């Protein structure tokens, strides 16, 4: 019986000690927390610091091909390329511009189309220009062609069409049916 009451007393003291510690920590953290709020950087300054760090990171030989305003998606794609987990498909537009599109090794035609869309959206954000593109219209009006073969099955893998790293795919206007 005496042992039980000692255990209860010890537990009670331990709980009291924890409460005292919590109070001390709150008293200590209280004023500092307020100072931290006062010293917090504005969002614009944090963005500037982040962009400076990112600019230094992009100077790495592995990432030097990426734009200054790089996205995490672009960094991951570049790393995947270096490890052989992705490939670059060069998409030739009608105006002669070549878009280097990065897709995973086992990508489908639909994955390529989505990557083209993302590439164009990022390009428009960086350079300005058209705010909205109707991709539904684009894919109704144009198709992708590799070595004379239309890539018309969205579920088919690019490798099944024979597309490999650095191969060129062409954006071609569909012929109108009369």
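The backbone N, Cα and C atoms fix where each Cβ goes, glycine too.
Nobody curates TrEMBL annotations by hand; they come from automatic prediction.
In TrEMBL, the region 'Disordered' annotation falls on 1-41 of the listed ranges 1-41, 42-82. Here the domain 'Ubiquitin-like' (85-178) has, by DSSP, the following mix of helix, strand and coil residues: 30 helix, 29 strand, 35 coil.
Per-residue confidence over the domain 'Ubiquitin-like' (85-178) averages 93 (mean pLDDT, predicted model).
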